[in-house]
């Protein structure tokens, strides 16, 4: 049994976890670090918070985004989704659909429908962030209460960190292709890692180098990261179109003879219908994570309508990428004698010609895909994980530190190369996680738009004893908790079945249970939203119902003006100091 000295406590006054029992030890070590490094501080930069009363409750990154830092216009959101859509996973999205019996046209139909639905969910949910300018972990306190919101945030955080590690492994594979293209002998490095680990010595070298490469990119300020997205939105289409164009050229300019195109549906009746719904559910799940926490990005909007373009951009771009993936795989069947869905594998084949031109093309292709994975890790994973980690310890974690911490945990703590190589069950778990994300998203949207009609209090979201505490003892909203479990519990047996089947096992789960899981996101989203509305209709929490919104915009603007002047004065003082030192020399 753990001693009282190691006991963790929850600071109800500040609304954030603390480990008060070990603070003297931590303080002593920090003091030692400060003596060795005079400029070092574990505490993040603190500007005067708009609403939080202590440093333990918020920081400059966790506060509502002030007017001076609302820098994302509609073009930034187009670039953001261009950065997200041009990815290996979206390129390959139709492969599993065709494998289970759908024709390529039905596969594209599932992509169009799924991405259109998710585009609407993301845009509607994103309106909250664009209006209130608060991150997702803060918004989650509104319907769920303070304690249960940490469960919701943790659930999202773990998923983001795992995918960050998986994408880092994909980036490591691109790095290995690049190194092999430059130095062919790299492929001949002796392997000293057991085969059970799912990675070779050369593969680990590529992984480590990519991991180190991405760290500086994770430090790009969120007010400027949209420029990197814009850069990737130009590079990524060029690379993927080059892969498609070269493969089509090698295939003689035609794809009409490929079985990918000529093969129709191989199943019929109800089997075909449920196969379609299962893959539609997979498309929805692909970005169900961002459907939940899109406020982490929409809060940077310079006006609420700036993020509305997502409703159009998402289905259009994702459909184009999926189509190119299908046509490239079809051309590869003629060009290489096999259907190849992975563009990294196609780029690797360019080197086999033995010519300098082939190696150069592979090198440039690998560089492009490295940029692609960097963009994905920033846009879909690291910033989201950083906001989630920040909510647990805002005194010591800001967005930059959160991104670096998530990269370390995801890349090394979860052993992502082993997940990709052998953990089919774990990948099935990640894919089926949508049955938990759907209810969370629905409850958040229902609460803001239907129950409260937008009349919410931003200051109370930062006040642990505010109107969103709900229960003096449990600090959770039982209506949201009950609706969440009503939404996610019925598809749960089918979820378990999918994990067991992925590991080549069998279960006694009925066909009905499996079918319910096949529409898991849609069911859980609708069920949780309806029940949450019903609970609030018949058992309202009157203390948190308002007849007007309190965004605190005047306080935010006043603090912003003050902080901007302080930053300008600080920069001017540093410049004067540098000039004085120069003249002294």
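Positions of Cβ are set from backbone N, Cα and C atoms, glycine also.
Model, not experiment: these values are computed from the prediction.
Looking at 69-90, 135-156, 157-178, 311-332, the range annotated in TrEMBL as transmembrane segment turns out to be 311-332. Looking at 45-67, 229-251, 459-481, the range annotated in TrEMBL as transmembrane segment turns out to be 229-251.
Annotated range for transmembrane segment in TrEMBL, selecting from 271-290, 291-310: 271-290. Residues 426-451 are the range that TrEMBL records as transmembrane segment, among 426-451, 556-581.
The stretch that TrEMBL tags with transmembrane segment, taken from the ranges 516-535, 536-555, is 516-535. Within the chain carrying the transmembrane segment (404-420), a Cβ under 8 angstroms from the stretch's Cβ atoms is held by residues 160-166, 168-170, 172, 197-199, 203-204, 207, 211, 214-215, 218-219, 377, 381-382, 385-386, 389, 397, 426-427, all 6 or more beyond its ends. For the transmembrane segment (516-535), the partner stretch with the highest count of Cβ pairs under 8 angstroms, out of 106-124, 271-290, 360-383, 426-451, is 426-451. Proximity of the transmembrane segment (106-124) to the transmembrane segment (311-332) is established through 3 or more Cβ-Cβ distances under 8 Å for residue pairs spaced 6 or more apart.
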